[in-house]
Amino acid sequence: MTRHGKNCTAGAVYTYHEKRKDTAASGYGTQSVRLGKDAIKDFDCCSLSLQPCRDPVLTEDGYLYEKEAILQYILHQKTEIAKKMKAYEKQKQALKSEGQLESKSEERERAEKFKQRENNIVSKPINPFTSGKSKDEGNQNGSTSSSSTDTSSGESSSSSALPSFWIPSLTPEAKPTLLKKPSKTVSCPMSGRPLKMSDLITVRFTPLDPSLDRVALLTRQDRYVCAVTKDTLGNSVPCAVLRPSGVVVTMECVEKLIKKDMVDPITGDKLKEKDIIPIQRGGTGFAGSGVDLKAKEARPVMQA
């Protein structure tokens, strides 16, 4: 509420507009923005580079990638996994050697204590004139003194073990964060599921005008059509890829034509349900397109 007096208003109420303005300027609080059409990728763009694909490939979850970009991503992830695994093995060896040193030091301490105990044994002469009562009293006194000694030693050891930040020798030390064993599988950057190079499906888009080259095709808004019905493809048209041929068809064509015979119209191969892969589209910018159009950024919160 620091900017309330600087705003062009004489009202005593902290308005919603001022609150949003202060939230954006202060750097505190969760900030949310409603995304528009320009913030949504097209259906034929790579999910990594957000650029139209030259050599598109599709995952089994329906995410479209540029082949070069996704191969570079897989290679980078494998190198990162190798680095993490190397660091984990190094930590494992360090913990193992530390455990061996601790066990050796404990054995050495036990041996030293045993030697001291053996050297401190002194046989006292038995006095024949002492009565059993005095022996019992002596035993009781000895047990009491030993118990008090044990209690005092236990208290002193527990008090010495307490961490004290004002004493340099008793200052608690922060233990290093232990690394977890990294997973060796490369995951998809969009879905998070395991990703393999052999699972990528080559996609063949049917251009709207075959006479145009790629540069001229990219300047148009309507670039590709369905391989069967020749309907224009876009973010507002649900479409799918047929695994055997890799062609892109509309979901309307799949429901009305292809699912009747379950045959690929291009190659003539038999199709299964898993061979029809819907493409994950970016949406149209409208709320009813099925895409979350609200971006949120969680920032520190000022609490009273």
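Using N, Cα and C of the backbone, Cβ positions are placed for all residues, glycine too.
In Swiss-Prot, the annotation motif 'Nuclear localization signal' applies to 78-101, one of the ranges 78-101, 174-197. Across the range of the motif 'Nuclear localization signal' (78-101), the DSSP-based residue counts are 24 helix, 0 strand, 0 coil. Long-range neighbours of the compositional bias 'Basic and acidic residues' (99-118) within the same chain, counting only residues 6 or more positions beyond its ends whose Cβ lies under 8 Å from a Cβ of the stretch, are absent. For the motif 'Nuclear localization signal' (78-101), the predicted model reports an average pLDDT of 91.
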